[in-house]
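J.: After the structure tokens below, expect a handful of questions from me.
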Amino acid sequence: MSEFVKPITTSLIDAAYGCEFISRTALAEIYYLNTQYDFSAQSCNILAFFLMVLHHKMDTGDVCVKLEEKPIKDSVLQWISLLEEKPSLTDEQQIFLEFAKDFFAKKFSDLSDTLKTIAAIGSADDDKPLVISLNRLYLRRYFNYERKVAAFISGQSKKEIPESMLLKAQDILNLLFGKNNDGTDVNWQKVAAALPVFSRFCVISGGPGTGKTTTVLRILLLLRALYGLQPKIMLAAPTGKAASRMAQSIGLQLQNTDLDDKSSFTSVARELAQKCGFDFSELLASIPRNASTVHSLLKVIVHKVTPRYNEQYPLDCDILVVDEVSMVDLSLFYKIIAALKDGATLIMLGDKDQLCSVESGAVLGDICAKLSDSDTNAVSESTLRLLSKLSGYRAEKLLEEGALSDYTVLLKHSWRFKDVQGIGALATAVNAAPLAVKENGHHQITDILKEYQDNGLAYLRVDQKNLVKGSSFMRSLIKDVISSKSRYSYKIYLDYLCSLDFCVDSDTTANEIFRRMDEFRILCSNHNLILGDRNLNALIESEIKNRFMFGNKEFFPGKIVLITKNDAGLNVYNGDVGFVAYDGADEKKALKVFIPSEKYGILKVSPIFLKHYESGFAMTVHKSQGSEYKNVLIALSPKDSPILTKELVYTAVTRAKEWVTVVALEDVLLQACARKVQRQSGLAERIERKEIFSLAKKRVCISTEISSYSKKIPATDYSIFI
Ligand SMILES: Nc1ncnc2c1ncn2[C@@H]1O[C@H](COP(=O)(O)OP(=O)(O)OP(=O)(O)O)[C@@H](O)[C@H]1O
């Protein structure tokens, strides 16, 4: 390496360290690359900027960055503006600003041409730490994830099914979903259930209450009837909350033992048992009731890239069902498929229109990309023929009416909102936006908020002057949340606790409190500003403390607590929600946080032991993913920003089972609904191109010591890129 190179690069890195908005990981990587490759000073600085931009994009969920002028220079311009807005700059910031302006001023084609010549950047099939593919720049690890996921999906060949088995499946599908009558609408649940008969990978997507769980339970019966009771079935979801909701939803269907209800799960299971010669109780017992988190299923190890179950050591599972797949990021998706044993079937359930995962990627969205825009069908002739044969519907009808691909079926009819129609109507309109402006200039969303007022929806119309500290609107909103009989109130929960003197002496009582607590939640788009969860929680807490004269303690009876980080010692996990009350079983009636736990029933934790938590009366929409409440109040930030998207509004609306109250400035709400989340990834394109390569069961792992350069970089055994 030339002596000349390092000081120049180091000075850019040093300068970048003075800028809090630059990813530390990007800086560690460029330092590492500079020690490994003989760059020219100019190349190294250009590479540094591209890596900083890549990480900047990955921090907001992109998998890669497109090598186009706009995305690259927009990030750099953002940094320049941030620095120029500061009243004064440190020396480091001043140097970085000069570097940034210099980069910004250069011709983009020259920058990208230089980038492509840099030795650290390779193509798909070498092992360089960075990759350019489909005109996108990736870290090798993420490129590998994306390519392997695309190869898994594209490489799915149909199972060879003997004709006799197809006829049997046809018969069982008729038993499980009913025979088709001429001219009746297509039962898409039946079509979705036909997919796993011949495909080892299928995705059933649909909004809330479209029958994803109902369908998957019948699929499990169908696969039992075809393959017997031996195949091992496992259920999982990305978060503990989603896993317990999945188990709860399955439990509800299994508990419905009304055999007169011919369509109930138990009725069809009994009929199937008789038909196939199974013992009915054995058949029921063979349907799993418990779901675990994907992390615990795969045994993901903290700080390790590879979980215990992986390509070399697959899960002993024949049929894996994963719910809430919209929350699964690219790396977790790859880990799931890597841990599948040969011949296993993977069934995924999720709502493609929901917010995507917090981490990089929008895998469900990419898989369903062909279904998204205009419901175009992307199904091959052979799949269509098999689906038609198994379901009994004409292939043309399936093509005309459905949204299908070779491994995806979209369920569109919601069975949940038949009594209160507002939620379903609003969710549909939010999805249709921005195309929802009608000929008369009215916006469909505004019309729906009016039309369904008192039929599942309430819109608390506000203007800017209402949304200031101490306004009468804010004061009455908080009072209502505590004590009104409205749909947006914790009254039922607080009154019940008050009737117990805030003392809980049994698990039954605690469960009743949990039930009442989950009847309502405030979902905020943001943490900050007047309608952010932080401000609303502070106002609600202060109102409760005043009302019940609790003084000014941080933990007080009735407080709702949201756990924000896993704590294995306490057995509490990120996303867990509990309440505070006196422990009636404790001699001193100590104040405890009661938290429901999948494994241990109800945990009672002393507040002093909790390290990572927030108040949970109001939470962000992101935190609420995978949960459902009877009533929801959606509080949208009064300031429009890129995070206000239709996916965010849709996710918030669909958390409610009965009632949605919206507090938002009308123009901000409409702007949010017109903005779609756009995550950069090449997955949809790779799937469409049917990119297949050998999924070699080979792992490469580079361990690098990044210890000596600076105290700013933690000394660690660092697997950076691969
Ligand atoms: N074909 C059907 N006929 C009648 N009721 C149905 C049908 N399919 C589903 N339901 C009912 O609709 C409700 C929602 O079904 P299910 O829980 O399967 O939907 P889901 O899509 O899994 O919901 P979620 O959004 O909560 O995941 C349940 O009460 C279920 O019994």
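Backbone N, Cα and C atoms are what each Cβ position is placed from, and that goes for glycine too.
TrEMBL labels come from automatic prediction, so no person has curated them.
Positions annotated as ATP binding site by TrEMBL: GLY206, GLY207, PRO208, GLY209, THR210, GLY211, LYS212, THR213. Residues or ranges marked as domain 'RecBCD enzyme subunit RecD N-terminal' in TrEMBL: 42-138. Per TrEMBL, domain 'UvrD-like helicase C-terminal' is recorded for 616-663.
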J.: Output, ordered by sequence, the same-chain residues six or more apart from THR210 (ATP binding site) with a CB under 8 Å from its CB, or 'none'.
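T.: LEU411, LYS412, HIS413, SER414, TRP415 - these are the non-local Cβ neighbours of THR210 (ATP binding site), listed in sequence order.
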J.: Excluding GLY206, GLY207, PRO208, GLY209, THR210, GLY211, LYS212, THR213 themselves, which residues in that chain have a Cβ inside 8 Å of the centre of the Cβ atoms defining the ATP site?
T.: THR214, ASP351, LEU411, SER414, TRP415, ARG416
J.: So among the binding-site residues GLY207, GLY211, THR213, who's got the most Cβ atoms within 10 Å?
T.: GLY207
J.: Among the binding-site residues GLY206, GLY209, which residue has the largest number of other Cβ atoms within 10 Å of its own Cβ?
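T.: Sorting the candidates by Cβ neighbours within 10 Å, the top entry is GLY206.
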J.: By DSSP, what is the split of the domain 'RecBCD enzyme subunit RecD N-terminal' (42-138) into helix, strand and coil residues?
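T.: Counting residues by DSSP class gives 60 helix, 11 strand, 26 coil.
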J.: With the cut-off set at 10 Å between Cβ atoms, which of these binding-site residues ends up with the most neighbours? Options: PRO208, LYS212.
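T.: Selected residue: LYS212.
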J.: Could you tell me which three-state DSSP class THR213 (ATP binding site) falls into?
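T.: Once the DSSP labels are grouped into three classes, THR213 (ATP binding site) ends up as helix.
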